[in-house]
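Report on the following structure.
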């Protein structure tokens, strides 16, 4: 039977904040169309002029900081089987100094020409009537719409699907285990059917109010997050009618051409991860097409001076920004560091190396940066390339970054040695500076803040127990036994945090301060939101499942939110625990941080293999 330790459960979720985009009053609503258009042209020319001036300024060291020297970077190319003889290779040659200067000169000339062209166009527009301007605007609109439609219909290259093993079945021989497995399946039906009835098409469900729900991570649009997140769980459980209902909604309603600002990280792990997993499990082409369409909408988030993506991006305009509360405009380690698995598969399925190059650029930049005590701070400014506040956590804000280093190695059939080295280095620093033992003998992972250790462990850090066990095989200096033991100790501590509450559900975070051990102190840390260890007793309501606000109260108050990851992670992991090991065997599948299974890409000669379009 699959053990909990082999299933690292990283939730990574930051408590929802109502930080929507600012609204501005509509001044001078009577401004005529032609005046608006002329002002827009003048503003455009001015921006172009300023942008050009920026490039004509002398070079500074801070701009050269991001020349990562990606000499001869091999882009792995997926092997659909284990015996490819002549795999294709992407070879990217880093520019030498002469080529670098030529490129700069070419860019300067282009900017100068664009600037002059914009000024000429502005002069011409000033001579035209309002009717002519309106006609030109409509023509441009029609052209853009047509181009978008043509792009959406563009077929993807044929790609051989890797040999997939264990995508159904898994019936345990033991009758008691089989009963428990069926109970989990019934819980999934309860959650899905109520969402289907009361929240269909909405991102999530309010099971008590019995209506749809959404948070700012999904923007202002109804993107059916629960549908996409639940697809692979439905398929694995054999709930194929429900799976087909979800597929039909996605085919007919899932639209990414919306004026909505979304979390790049959450959309990647839930939507792209969910769509890719559904494609690999079912073979239905629509899921691959939708995943690629969405991925293209996320790419503008990487348009920063460093290549570190913004936390949020508008799916229509491509404009990105960071969370207002994140240290001095920084991006977050767990967010920009949790893209590798999905983006590697995107490059494989599309034949386009752009996705792989984006995540490898992030990796190369991180490798070149100084790290205090060998630790990765949680904040990195995408404009300057400098760390923000020196705060390191294996819980929220940091957790899945470390998970994806290990899983990049696992997904590459253990050939991505660079990822494995980064993981081993990070884990050694974490063990040295963050992992401590309480007076009562509980091993916990604290948080490093501005030069001192805070003796507090987040619920999200509990996944590290499974991560240490998963990474034991292949660890340095034959320390497999040590990491197996360490993982078990972390799991025991997290169990204690559950056992010391009235509801036997773990709080969001818990402290180790004197006589207080594995207990939440602040009211704001006592909640439980259906993270991947749930029981039915206190979370099930007639309209679905709900989190609770205070796990220390014997009478629970529900938060009235059925999180989409409850169907993606919690119920899937519970189902797998009571299934035999031949269902999604871990030497053939790797779960992304939202529990979406992606196949191992068996490598040959450090390349991803036989996609003819990529070769």
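Backbone N, Cα and C atoms are what each Cβ position is placed from, and that goes for glycine too.
Please treat TrEMBL annotations as automatic predictions, because they have not gone through curation.
What you are looking at is a predicted structure, and each value in this text was computed from that prediction instead of being measured.
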Checklist outcome for this item: Expected hit for transmembrane segment in TrEMBL across 37-57, 58-78 is 37-57
Checklist entry - Of the ranges 136-155, 156-175, 176-195, which one does TrEMBL list as region 'Disordered'? => result 156-175
Checklist outcome for this item: Looking only at the coiled coil (101-143), mean pLDDT returns 74
Checklist outcome for this item: Cα-Cα, residue 508 (active site, proton donor) versus residue 462 (disulfide bond), nearest Å, comes out at 11
Checklist outcome for this item: Cβ neighbour count (10 Å, all chains) around residue 266 (active site, proton donor) is 23
Checklist outcome for this item: Same-chain residues at least 6 positions away from residue 494 (disulfide bond) with a Cβ under 8 Å from its Cβ, in sequence order, are 459, 462, 465, 506
Checklist outcome for this item: For residue 266 (active site, proton donor) and residue 593 (Ca(2+) binding site), the CA-to-CA distance in whole Å is 10
Checklist entry - Per residue, counting other C-beta atoms within 10 angstroms of the C-beta, which of the active-site residues 399, 508 reaches the highest number? => result 399
